[in-house]
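Here is what TrEMBL says about this protein:
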- B:His261, B:His265, B:Glu291: Zn(2+) binding site (BINDING)
- B:Glu262: active site, proton donor/acceptor (ACT_SITE)
Number of protein chains: 2
Amino acid sequence: MKTTENQFKELLKEQDAYREALSLVQWDLRTKIPEHGATQRAEVIGLLSQKIHQLATSDQMKTLIDQLKGKTSDPILQRSVEDCEEEYNRSSKIPDEEYKAFITLRSKSESVWQKARAENDFSLLQPYLEELIAYNKKFAKYWGYETNKYDALLHLYEPGMTTKVLDEVFAQVRSGLTNLVKQIRESNVQPDENLLKHHFPKEDQKAFSLDILEKMGYDFDSGRLDESIHPFAIGINRNDVRVTTRYDEQDFRMAIFGTIHEGGHALYEQNIGKSLIQTPLASGTSMGIHESQSLFWENFIGRSESFWEKHFDLFKSYAPAAFQALDFSSFFEAINEVKPSYIRIEADELTYCLHIMIRYELEKALIDGDLAVKDLPEAWNQKMEDYLGIRPTSNQEGVLQDIHWSAGDFGYFPSYALGYMYAAQFHKRMAEDINIEQVIASGDFSSIKDWLTLHIHQHGKMKKPLEIIKEVTNESLNAQYLLDYLTEKYSKIYQL
Amino acid sequence: MKTTENQFKELLKEQDAYREALSLVQWDLRTKIPEHGATQRAEVIGLLSQKIHQLATSDQMKTLIDQLKGKTSDPILQRSVEDCEEEYNRSSKIPDEEYKAFITLRSKSESVWQKARAENDFSLLQPYLEELIAYNKKFAKYWGYETNKYDALLHLYEPGMTTKVLDEVFAQVRSGLTNLVKQIRESNVQPDENLLKHHFPKEDQKAFSLDILEKMGYDFDSGRLDESIHPFAIGINRNDVRVTTRYDEQDFRMAIFGTIHEGGHALYEQNIGKSLIQTPLASGTSMGIHESQSLFWENFIGRSESFWEKHFDLFKSYAPAAFQALDFSSFFEAINEVKPSYIRIEADELTYCLHIMIRYELEKALIDGDLAVKDLPEAWNQKMEDYLGIRPTSNQEGVLQDIHWSAGDFGYFPSYALGYMYAAQFHKRMAEDINIEQVIASGDFSSIKDWLTLHIHQHGKMKKPLEIIKEVTNESLNAQYLLDYLTEKYSKIYQL
């Protein structure tokens, strides 16, 4: 048994080394690579992805899984075997040729999307989306599902989650949110975000971002902050977890909230248990749980009154003269302004989930066959009007804004809203152990970080997402906490 | 034959993709990686190196070489087959286990060297050097040689070069140089390098470095400039050739000459013929020819009077107030000051080759068995006294200063001096086609860059180093050009 275990560990290590190389290549592609270097780099990505896939579906892998499953006394190995088995089943069910064709289509489609968006021409992307959806339907069939085809895709990003649960919680959240948005529209308080739109030099924004990241407990000996068009966090290895942000000199919010958000992701990856290193378990357990960490830091901490009361002077010390006369309450209201808008990644804390639900409903309909791709732009615009009361005047600010579908990713979007609900549920539970506002007001976040590490981060993929929710909060997903939190916060700001 | 050719091309592509990934990992390791990320990254380096080695020594490779050698009509394929055959023979002659042990020893030894140098304790490194030399001797035997064991190692870095040739040209250069150094010591002109040692902010040095790189014709769409402890250039792929430099705020020379030097290496890699991409031929043909390009730019251009006459105002526009009163001739003399010193990488243009000869003679003696490792520090100090007239007072500024030997690299050092001689020989030949001083004085270097591309860069490894020398200059290596160039330049500066 020891020999078999060691063989398995060696295989995991090899797979992990390929994954690490691939992550570095991807980080570089989005941060440092010179323009002309990218074409040939695609070959590297192809090769490394292929190697990872080959190892995951190799006969050796299958044999080791069969020999070890349920027979090792090492819990980390046992869970790794299960994870590899899921991956083996998922990957080996797709015929090799079909998988390759899908990968090629994806990467073509991504560049077509760039062009389609730039030229505001959905028809360019339409045939690619049709093909990508056809593949996703086929894959869902290969993988199997109980009642809804879409569940098979959802499972990729949020194991255990179903459309049945989502339909229910999303309906609850939608009704609560639309009600809140309506009240806010009628409120006498109307924050003025223009107060925040003064020139703020990039270098000073960077210094402020670094300062805040450090306060969050982000370990700079195991990470670094860079710049990219779309902010992201990436665990290259457990001791090299990098974040990026984007500097808009006319709107500092982009950089600072981007940094806090990605910093939240990074804290998760930096604090995974060391015993999981070089196994497939050394990363966040699902997209939804990951997003709960970034949103917890970005919103529950980073957009809270206590946080800015504590750091308003610090902010001013980095900010140019134009900000110095700003009073605290105008500032705080402005960074929490609620205003329906077209672009998801620029949405405020409150309307954000509505953007997600629109995508969820549309992609479910696309996979179920209830919606044809050619009708997608109109369906998108109609839902925007129904949920947010505004109608995009172009596909650029409508259906073409996100990369996900053109990258073949269906079932991913719900994670963003799930993350939000999880975060609220964790927040509620954390408040039983910690006086959260007091901790935030102190500027020393270590007890919050430690709580998250203890209950979530350290486990990596040792626990499945729904297991974590259940064990930490003693109940299953409950959307009410998010509604309560938002109602309390925004009732106060908007004097509802 | 077409099928076999395509199989071979696919194999080359795969090998090249691994090499590209490895280069990126190495670039990152020296520029961006956070401190704690490096330990696990070693596994990635190990895996990628192993894959490259496996492909190079695979049965498939051997079969394809045998099928294609002398039988393809495509000259690039033919030369690639030859290159792969050399690599196959070199690699497959070393037993796998021995090679692995050597690689492990190397990486251990490199970290021991760090410690030995920091603590000024040669005895820490001694056992490692003894083992590394034993391996090198064994390898030389496996690879074979005609008269001198050391030739087998030299061949790794400078194919076709022999100790017989080196002994001859080095003797000639040494006698010329020591004579010049002696005259300079007795000259009435004594430049004052302290004139250059004013605080020069890093950001301004960087802006100046970027400006000069651009003037050299370095393509920023296919490369970038970063910072590292030891400046280097690296071709990640042919359209992604990066350079680094180091900023010393008390001595701007480090950054600017480092940038020009590495920029010279980078121009070589950026201008290799596009038809060689994804073959083993898409890189510089030897260490010596590579060094000829960096030294050509650093010294023949970057330390020339015409260059600084043209760019002195530009320099002052970036330099702080303390530099503004500096007159041109004091400045020019100061950047060309000749003064025997302990550290190779800080040596001036004239004494630099003497540092190399010392290393050459010592490593040859170590490989031949004429010198024991335990006697190395004393032998080093004695040669410093003989050739440069100064004796190191510690091993830190003596035998422990360079990483090469502790990394198992013997036979590499001569490339630096060869590069110098090649550069002078190219310079002489270029002067027949181009009025070099006039071009430099114009500040538009494109005709120089084009000449180097036409005669050297574009060929990559299609031509061997000695072939290039012969074809371009119509004679074999001739050290007299270097002596003539140095004598002329320094006679003028020091009024000899």
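Placed from the backbone N, Cα and C atoms, the Cβ positions cover glycine too.
Known features from TrEMBL, placed on the structure.
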| residue | record | Cβ within 10 Å |
| --- | --- | --- |
| B:His261 | Zn(2+) binding site | 24 |
| B:Glu262 | active site, proton donor/acceptor | 27 |
| B:His265 | Zn(2+) binding site | 24 |
| B:Glu291 | Zn(2+) binding site | 26 |
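Between the CA atoms of B:Glu262 (active site, proton donor/acceptor) and B:Glu291 (Zn(2+) binding site) there is a gap of 9 Å. Annotated Zn(2+) site B:His261, B:His265, B:Glu291; additional same-chain residues within 8 Å of its Cβ mean position, judged by their own Cβ, are B:Ala233, B:Glu262, B:Gly264, B:His290, B:Gln293, B:Ser294, B:Leu295, B:Trp297, B:Glu298, B:Gly419.
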